[in-house]
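Here's the structure we're looking at; comments come further down.
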Amino acid sequence: MGNLIQQRGTRAPGDDGADDRLRVSSAHDTMHADPESPASREEAHLLPDDWLKIKTVPGNGNLSPGVYYPTVSKRSRSHRHGASRRTRRRAILKNGECNILKSRISQRRLRFLQDMFTTLVDAQWRWTLLVFTLSFILSWLGFALIWWLIAFTHGDLEPDHLPPMQESTNWKPCVFNIFDFTSCFLFSIETQHTIGYGARTTTEECPEAIFIMCLQSIVGVMIQAFMVGIVFAKMTRPKHRTQTLLFSKYAVICQRDGELCLMFRVGDLRKSHIIGASVRAQLIRSRTTKEGELLSHYQTELELHADGCDSNLFFIWPITMVHRINADSPFYGVSAADILQEKFEIVVILEGTIESTGQTTQARSSYTTSELMWGHRFVPLVTYNRERQGYEVDYSKFEETTQVDTPLCSAKELDEFYGNQADRRSIESTEQVVLKLPERPQRTTTPAAENPTPKAEQKNGDYTVTL
């Protein structure tokens, strides 16, 4: 241990009254720099518990050899032995939103403006309502300006050609009852929305006025259709349907039919069902290839099934999805102790068609290592109600689990231990082993032979007794 840890006394420059402090180098510094690295884990097993305890520097400055005196800092306190490990950052939040931030996109505004419909549907409601309001107001103002220019160039806004003087001067305007820009604005609203109050109408005096009237009617219909489609798509988008699709807060690991299984629960709060519902799960963790390339977010598909079916569900009540930890599972060599050290995320995805609208929806959630409960099982929540004559689902038990006896070793070690004894894999088996001795073969004898009478014979002077 003395060769492993090098001690060196240092004094800060300019600090005459400071005590000597010990700096720890080599592998022990590496452990405190990255406590999750494999080298640090091996080093933690080499160092005894007494060595890893925090010791204060004596006031007289005398340092005992072989004793670790760490520098007091936030880094050393947060990474010392026994400190809580920082949880993994999520890629998918519990509410299903992707925790993805995109930056440095070239021509981002142009790309989003080219698909304006999808941009407004994905935008927040305040921006959608702002665009909805501005689209109508700007169109009214734009066409009002055009109507004012038509009246101005034709001379309808001159004092002698205003509506009160038109009969005396025998003047025929392009649009009746136009006094100023306000009158043009009101006429623009009436034309675009076909209100038709009857006070202001176009005449055959100006062909350009007839053309603008037709153009504004077409533009008004297009704006209304575009904005109504956006609002309808935003209100009926499948994203809101996912608010009534539930995933259990925790995933459990226990034995089922003699195999370790990873399980989580899914449920639907609405009475209308999800048609063709299917559930997928993906494991996201780091992986190193044979060439040494580090894949920090490698995705692995997990095989799921529910009861005796595959991942396609008849989704009428909450169902527990099961992933069997066998030789094909990435968790085959992971034990309960390894769960505390590993860093990974399990992303679960529920897809299906909404029965009422026919749209496809997708609900997402995720589980990290801190949300895996080893040795727990979900409690049943579906019972038959005789009074209401139907199956009742108690959603107050949706997150409830019960603790069960579960081996703490990995599924690989469990297979090596039990071998081919599939009937003895479950530790909860209550069958009693009865040992039976082999039965003695029965001999067919006569009643007289059951109790033979001894006979004495004399031969060559000797007596022989025969039973």
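Glycine residues also receive a Cβ, built from the backbone N, Cα and C atoms like all the rest.
Residues or ranges marked as compositional bias 'Basic and acidic residues' in TrEMBL: 29-42. The domain 'Potassium channel inwardly rectifying transmembrane' annotation in TrEMBL covers 93-238. Per TrEMBL, domain 'Inward rectifier potassium channel C-terminal' is recorded for 245-416. Taken from TrEMBL, the feature region 'Disordered' covers 1-42, 436-467. Per TrEMBL, transmembrane segment is recorded for 127-150, 209-233.
Here the transmembrane segment (209-233) has Cβ contacts under 8 Å with residues 117, 120-121, 128, 131-132, 135-136, 139, 143, 146-147, 150, 174-175, 188, 191-194, 202-203 of the same chain, all six or more residues outside its ends.
Cβ atoms under 8 Å from those of the transmembrane segment (127-150) belong to residues 120-121, 157, 174-175, 178, 181, 184-185, 187-189, 191-192, 206, 208-209, 212, 216, 219-220, 223, 226-227, 230-231, 234 of the same chain, restricted to positions at least 6 beyond its ends. The domain 'Potassium channel inwardly rectifying transmembrane' (93-238): residue composition by secondary structure is 96 helix, 3 strand, 47 coil, according to DSSP.
Looking only at the domain 'Inward rectifier potassium channel C-terminal' (245-416), the predicted model's pLDDT averages out at 90.
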